[in-house]
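Trainee: A single structure is presented below for examination.
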Amino acid sequence: MLLSMEASAGLVAGSHNRNELVVIHNHEEHKPMKNLSGQVCEICGDEVGLTVDGELFVACNECGFPVCRPCYEYERREGSQLCPQCKTRYKRLKGSPRVEGDDDEEDIDDIEHEFNTYEQKTNTDIAEAMLHGKMSYGRGREDEEAAQYPNVIAGGRSRPVSGEIILNAYGEPIMGSTLHKRVHPYPSSEHEPGSARWDDKKEMGWKERMDDWKMQQGNLGPTDYDDSADPDMAIVDEARQPLSRKVPIASSKINPYRMVIVTRLVVLALFLRYRILNPVHDAFGLWLTSIICEIWFAVSWILDQFPKWLPIDRETYLDRLSLRYEREGEPNMLAPVDVFVSTVDPLKEPPLVTANTVLSILAMDYPVDKISCFISDDGASMCTFEALSETAEFARKWVPFCKKFLIEPRAPEMYFSEKVDYLKDKVQPTFVKERRAMKREYEEFKIRINAMVAKATKVPAEGWIMQDGTPWPGNNTKDHPGMIQVFLGQSGGTDVEGHELPRLVYVSREKRPGFQHHKKAGAMNALVRVSGVLTNAPFMLNLDCDHYINNSKAVREAMCFLMDPQVGKKVCYVQFPQRFDGIDRNDRYANRNTVFFDINMKGLDGIQGPCYVGTGCVFRRQALYGYEPPKGPKRPRMVSCDCCPCFGRRKKFSKHGVNGGPDVQGFEDDKELLKSQMNFEKKFGQSPIFVTSTLMVEGGVPPSSSPAALLKEAIHVISCGYEDKTEWGTELGWIYGSITEDILTGFKMHCRGWRSIYCMPKRPAFKGSAPINLSDRLNQVLRWALGSVEIFFSHHSPLLYGHKEGNLKWLERLAYINTTVYPFTSLPLLAYCILPAICLLTGKFIMPEISTFASLFFIALFLSIFITGILELRWSGVSIEEWWRNEQFWVIGGVSAHLFAVIQGILKVLAGIDTNFTVTSKQADDEDFGELYAFKWTTLLIPPTTILIINLVGVVAGISDAINNGYQSWGPLFGKLFFAFWVIVHLYPFLKGLMGRQNRTPTIVIIWSILLASIFSLLWVRIDPFILKTKGPDTKHCGINC
């Protein structure tokens, strides 16, 4: 149940600690929904039903696992024919057709005599069997309702999200649990008592009913009745199919790839063995340095490579999602979604960019009453506030336009700037006229927003004043009350055509001196609590302010996993890849990061799921609250003492879950244990309404609270001292302790046993902006690397954390370890990039003279590296140009940003010196890719510039020395030149960025001109054709008297 608010109520500002609040009146309370209980099938959620004799239907006589007849029939006909709980083969029961594998019954005809072969059971036996099935499998609805929730929930269950609506004998809906969703394609409503078709059959004779039943089962020979020809039956069958499926990589692509990985591992071991056993005595220091670097590179490669062992793709079926949860003539059963957008500085994150993101959210293809958009303004800027107000007004025109003409993308700036045929697939004659009018409206909207930004650059001495003359509460950005404004909602939130719009809520959390606010992670946790009080949707979408929705069906794609009855129960979040606009065609600095998003993340999806990357992610709210995933029934394990580990395993107790107690079975047991053993307020804070919302798995707000009381509580949960002495940031919500809070948050969920899903729809779900300038790009990479170093030195380090629970798979752990240690590769990489120049300048080398046999190790190593890359590109679809750009920037970032991140991280750990980072600018240059050529000096440019210069000098010095010493010195020189050119080629994009546009002169011409001029000059001096040389004895060897 979502909160109904008036959009015209005004800004609510206040401080819980200071007892300051503006109260909003005249809100209507919602009545609790009717919640009927019944005996339900554990597979589909329908009533188990009765047999033809009026007794309770029992599918399995061994364990009594509750299954309805349609699911039993489908499992015998199409499935494994096994009971889901005890794995016993289903026996043929009374009224069931024979299937392959049934025992013979003395040649008696199955159809004519099947009602005489059923083995009778007493009602007592049936009840005991059903009770045993309930207790051994999981909690049913009776148990759920019997749980003693706080009084604020009593009598007001939240709105279910199940797609199955069951009708009882009176035609009234019985709402099923979220865990009870039908997955089998078998129509049940027509065969159960209470349906219209069943009532008609009761009037017929037994013979007619029997013939009708046999025709439906296909056992009466040729007939005109065909289920497959019935369109309604086909729709029902399709709706009950899985909503998604795994698509494994073709064996012809993945098997050779794995073979080459193993081969490369063996070749690498042989290569390192040869290098260690053959030292260079006259250059022992250089040799030892190179050996240490090569061993580190080998370990780093293993950490990066093996998590890509099991890559997979996925497919979603949006039509099945609609058929199951959006049935015509019935309430829409798609789950509500709260969307979070965070912004800080309107000068670095332009309000126009944020407005486009918000407009794309409000116009997404999803039921409007299921969407609530929360904007976190952590800078308390009146410019952002007023821009959001203008955005809400423009949305009244933009949203109906998008939905009427099925516009993609639904961010107006990107839509109107696309250089495509916008008339393609458009058939409405009014489209051109309305598009021109809408474009004019948007241009006027842009002018109003730009005027606000221009005005915001000059802060008046008395501070900002609102339109009604009230001082803006956030004039002091470091000392202001919490603020909430509902711009759109059910009351007053309609578009120009009178249709309802999604909710749009402005939130600025309270800030006071002396409190730790935890930057973006703290702002996200504040949004979690505010949304939990006001709307409490079971799922949450997190977006950066510059990441607009490029695919209006993106949330539906995520729901295909999160609402799938088989897959979704243990999924904590669905991560989408990041895609970017405004990047130069060649992607000079690897801004698209395609190798990571299209290769590494696919590999993780085959293990335990991708890591959380900070944006474009749909979360399950219960997972963010620290609950463990529901656990299915498991076979009992052997238990032994400590002295004989080979005969069994010791019992393990979870000390890591949200309850801090023994490991329990799923959400329901988690909640009971929390209620009986711990104080909720010590976990979630001093808000009884919010604590109540954390127990409502299906979402919805407590119906016993008025909107005014909820708004007051919302101000309370964003107060600056709310998180004191709670587990926010340590076990709940976004985790604190690193500026890359996204990695930590996803890591904690995976340690609890959750899995995540990687969703890559054909049309990118979200698109954002990336810094294309070299300095901005390096600063961005520095921030990411510094966050990884902080995690490595924290108690959440993947090397040590989460081993006792055993929920994190070892390949997933390797991936997280690689995520935290990759910045340390900068140290050996820096040394290895300097070694070629030192070798060229000193005349020494890191390897001795090699034999023909030893050269095979080097050839095999380079071949395995090359073939691994080619096969990786083959199964992933990444282009070789994107792969090469990634390799180049790995070196550029490694010797600059990663190096500084390691130094700053160590200083923070040892000396407590904290480092502030700046928000990456989201504003692009007016000229296409003009920002690409802008030169911004930063200390990050010093190390790679130094490496470039000394390698160029080394090349010139090495060639000149070879010319002076004769042809015999050219052989050893080639090895040194190869390593030097390897460094120069990898740093080439950096050199282009360093030199800037240079009047559009190709940088490669400048580089080769300088290099060739230097070589030619030295060669000319060496030959000196204008001086005649005479032949004679060398006086140095023969002496003066020779």
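Easy rule for this one: first residue shown is 1, then count along the chain.
A Cβ is built for glycine as well, from the same backbone N, Cα and C atoms used for every other residue.
Remember, it's a predicted structure, so these values are computed and weren't measured experimentally.
Heads up, here are the entries from TrEMBL:
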- 41-87: domain 'RING-type' (DOMAIN)
- Ser342, Lys348, Glu349, Asp378, Lys519: UDP-alpha-D-glucose binding site (BINDING)
- Asp378: active site (ACT_SITE)
- Lys520, Asp544: Mn(2+) binding site (BINDING)
- Asp742: active site (ACT_SITE)
- 821-841: transmembrane segment (TRANSMEM)
- 853-871: transmembrane segment (TRANSMEM)
- 891-911: transmembrane segment (TRANSMEM)
- 932-953: transmembrane segment (TRANSMEM)
- 973-991: transmembrane segment (TRANSMEM)
- 1003-1023: transmembrane segment (TRANSMEM)
Trainee: What Cα-Cα separation, expressed in whole Å, is found between Glu349 (UDP-alpha-D-glucose binding site) and Asp544 (Mn(2+) binding site)?
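Mentor: Between the Cα atoms of Glu349 (UDP-alpha-D-glucose binding site) and Asp544 (Mn(2+) binding site), the distance comes to 10 Å.
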Trainee: With every protein chain in view, what's the tally of Cβ atoms within 10 Å of the Cβ of Asp544 (Mn(2+) binding site), excluding that atom itself?
Mentor: 24
Trainee: Write down the Cα-Cα distance for Ser342 (UDP-alpha-D-glucose binding site) and Lys520 (Mn(2+) binding site), rounded and given in Å.
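Mentor: Here the two Cα atoms lie 8 Å apart.
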Trainee: Which residues of the chain, 6 or more past the ends of the transmembrane segment (973-991), have a CB below 8 A from one of its CBs?
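Mentor: Counting only partners 6 or more residues beyond its ends, the transmembrane segment (973-991) has Cβ contacts under 8 Å with 588-589, 774, 833, 835-837, 839-840, 845, 847, 885, 887-889, 891-892, 944, 947-948, 951-952, 954-955, 958-959, 961-962, 1003, 1007.
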Trainee: Measure from the Cβ of Asp742 (active site) and count the other Cβ atoms within 10 Å, all protein chains considered.
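Mentor: Total other Cβ atoms inside 10 Å, all chains included: 24.
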Trainee: Let me know how many other Cβ atoms fall within 10 Å of the Cβ of Asp378 (UDP-alpha-D-glucose binding site).
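Mentor: Its Cβ shell of radius 10 Å holds 22 other Cβ atoms.
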Trainee: Within 10 Å of each Cβ, count the other Cβ atoms, then let me know which of the binding-site residues Lys348, Glu349, Lys520 comes out lowest.
Mentor: Lys348
Trainee: Which of the recorded positions listed here (Ser342, Lys348, Asp378, Lys519, Asp742) have a Cα atom within 10 Å of the Cα of Asp544 (Mn(2+) binding site)?
Mentor: Ser342
Trainee: Do me a favour and check the Cα-Cα span between Asp378 (UDP-alpha-D-glucose binding site) and Asp742 (active site); whole Å is fine.
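Mentor: Distance (Cα to Cα, whole Å): 18 Å.
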Trainee: Of the residues in the domain 'RING-type' (41-87), how many are helix, strand and coil by DSSP?
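Mentor: Reading the DSSP string over the domain 'RING-type' (41-87) gives 9 helix, 4 strand, 34 coil.
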Trainee: May I ask which residues of the same chain, at least 6 positions away in sequence, place their Cβ under 8 angstroms from the Cβ of Ser342 (UDP-alpha-D-glucose binding site)?
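Mentor: Correct list: Ile375, Ser376, Asp378, Lys520, Ala523, Met524, Leu527, Asp544, Cys545.
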Trainee: Counting across all protein chains shown, how many other Cβ atoms sit within 10 Å of the Cβ of Lys519 (UDP-alpha-D-glucose binding site)?
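Mentor: Step by step: centre on the Cβ of Lys519 (UDP-alpha-D-glucose binding site), count other Cβ atoms within 10 Å, giving 15.
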Trainee: Give the distance between the Cα atoms of Lys348 (UDP-alpha-D-glucose binding site) and Asp742 (active site), rounded to the nearest whole Å.
Mentor: 21
Trainee: Please report the Cα separation of Asp742 (active site) and Lys519 (UDP-alpha-D-glucose binding site) in Å, rounded to an integer.
Mentor: 13
Trainee: What average pLDDT is reported by the model for the domain 'RING-type' (41-87)?
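Mentor: Summing pLDDT over the domain 'RING-type' (41-87) and dividing by its length gives 78.
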